[in-house]
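Quick look at what Swiss-Prot annotates:
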- 1-265: region 'Amidoligase domain' (REGION)
- S13, D146, I147, E148, K186, T187, K188, P189, T190, Q191, K222: CTP binding site (BINDING)
- Y54, G353, F381, G382, M383, Q384, E404, R469: L-glutamine binding site (BINDING)
- D71, E139: Mg(2+) binding site (BINDING)
- H514: active site (ACT_SITE)
- E516: active site (ACT_SITE)
Amino acid sequence: MARYVFITGGVVSSLGKGIAAAALAALLQARGYRVRIRKLDPYLNVDPGTMSPYQHGEVFVTDDGAETDLDLGHYERFTGRPANQQDNITTGRIYRNIIEKERRGDYLGATVQVIPHVTDEIKNFVLEGNEDYDFVLCEIGGTVGDIEAMPFLEAIRQLGNELPRGTAVYIHLTLMPYIPAAGELKTKPTQHSVKELRSIGIAPDILLVRADREIPESERRKLSLFCNVRESAVIQALDVATIYDVPIAYHKEGLDSEVLSAFGIDPAPKPRMDRWEEVSHRLHNPEGEVTIAVVGKYTGLKDAYKSLIEALHHGGLANKVKVNLDWIEAEVFESEDPAPYLEKVHGILVPGGFGERGAEGKILAAKFARERKVPYFGICFGMQMACIEAARNLVGIEDASSSEFGPTREPVVGLMTEWLKGNMLEKRAAAGDLGGTMRLGAYEAVLKPDSKIAQIYGSTDIHERHRHRYEVNIDYKDRLEAAGLNFAGMSPDGVLPETVEYADHPWFIGVQYHPELKSRPFEPHPLFASFIEAAIEQSRLV
């Protein structure tokens with residue numbers, strides 16, 4: 001039977017509950033356990049698919065097409081286990097499910113209430129489908145005290161009573177701030193956070209305390225006394241250089257041992273930390289470094305590109321180099337010459353995005369990379385802009401544009417109206433809803449055997465995750481290929497372009513999918529490993 005770990009947060013948001021959950025899962029895996037992680041988000045959106053990147057950060061897409069919280073990306077990267085639709089729930093989805101049941105008459109005329117109907121729906125989500133796992137870690141989004149989080153906290157409180165004794169453990173992640181004027185760390189915020197949690201009926205078994213410096217033993221004893229937890233269960237979570245240092249740091253502090261002890265597992269299997277130690281060693285002992293320009297439109301919030309950032313660092317791990325990122329707002333190039341910004345970098349990456357803002361700047365970045373022979377990686381929107389650049393400057397179609405930006409006489413990029421998903425034909429209309437209407441999830445692509453991208457993959461058949469509503473127009477394929485832009489990958493039915501490349505360029509590849517979503521520290525995605533390898537070669541020329 002599965003054991004459950006519920007992870008809550010207090011004092012402030014953005015403390016790193018997702019990283020903590022992922023790191024603990026990795027530590028339990030290192031001891032040979034089968035682990036699943038689930039995220040419970042209190043917001044009323046059905047999913048984050050239509051939320052602004054500035055509000056929510058990245059939307060992480062799973063193989064089965066779920067648009068989910070970026071924390072699921074951390075879960076996948078740390079554990080290697082692909083997430084799915086059933087690993088993330090929101091208040092919006094819960095209420096939608098309940099309303100659908102009420103309309104069908106499933107509640108037999110009962111008054112539908114938060115307790116028991118909403119809490120039961122949450123509990124069903126937590127408990128469903130866990131037969132093959134030893135541990136299920138549930139991260140509760142938000143902060144203790146938030147109104148939105150109350151039904152979730154009530155649900156996990158009830159589960160603590162309903163699950164067999166010894167199969168539920170509560171971890172509370174808090175902040176212990178340092179006050180310079182006093183010259184000391186303060187325990188009071190954590191005390192109040194635990195008091196709030198206990199007033200709901202949840203007594204934390206373990207405190208995971210974030211701090212920017214070593215927590216004195218006297219302060220740990222104080223937290224133990226006032227928060228009613230064992231002294232050994234007050235675990236300090238100090239700031240570290242990279243997120244991939246977190247599992248090792250938590251292991252040294254005894255988090256995994258304390259969790260197993262709370263479950264009464266003694267003796268516990270010995271952990272194998274060699275893979276994490278190797279990753280940490282490579283990160284802290286690079287044999288060189290490269291600089292990659294990321295030309296985007298959400299550069300003010302790096303969380304909007306979380307998986308992309310990590311995939312680039314994974315490419316650095318594969319090549320034993322440090323990857324420095326030069327963030328450039330694409331709109332800058334619409335009023336300034338790109339050359340001073342891009343001449344000194346070793347690679348240019350144009351990531352995914354939506355809308356017209358910054359598009360011309362991204363087109364200019366693709367033009368610079370093509371003409372100057374700088375490695376270029378265009379992902380989703382970045383591939384589309386590379387095709388528009390080629391249409392304008394190589395084919396001579398001056399009005400080449402995307403129908404996403406408005407009516408155009410030359411829609412080199414256009415709205416997809418239908419595509420195959422397995423054996424089913426998916427259809428969309430331009431006037432349809434935005435939420436959940438994109439081409440989402442893993443789709444197959446077929447690569448030309450003699451293409452550069454097929455050599456990188458070592459295969460001509462690939463499966464990658466997609467999230468897009470627009471696609472390069474197949475009607476322009478012949479003219480673009482005649483100008484030198486090779487359509488190296490297509491959907492199996494030959495209708496949707498998936499990858500493009502220039503044969504006479506050291507490394508210029510555009511992909512319609514999002515390879516960053518499948519990259520792992522232990523298994524860097526081949527495209528990112530190859531891109532960084534090309535950047536290393538470019539660094540010798542600059």
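Glycine is treated like the rest: Cβ placed from N, Cα and C.
Each of the binding-site residues I147, M383 was scored by the number of other CB atoms within 10 Å of its CB, and the largest score is that of M383.
Taking the Cβ of Q384 (L-glutamine binding site) as reference, residues of its chain lying under 8 Å away and at least six apart in sequence are, in sequence order, G378, S402, V412, V413, Y470, E471, V472, G510, Q512. Looking at G353, G382, the binding-site residues in this record, the fewest other C-beta atoms within 10 angstroms of the C-beta turn up around G353. In the three-state DSSP reading, E139 (Mg(2+) binding site) counts as strand.
Considering only the binding-site residues D71, E139, I147, K186, T190, the residue whose Cα is spatially closest to the Cα of G382 (L-glutamine binding site) is D71. Across the structure, E139 (Mg(2+) binding site) and I147 (CTP binding site) place their CA atoms 17 angstrom apart.
If you compare Cα positions, R469 (L-glutamine binding site) sits closest to I147 out of the binding-site residues I147, K188, T190. Under DSSP, R469 (L-glutamine binding site) is assigned to coil, being neither helix nor strand in the three-state scheme.
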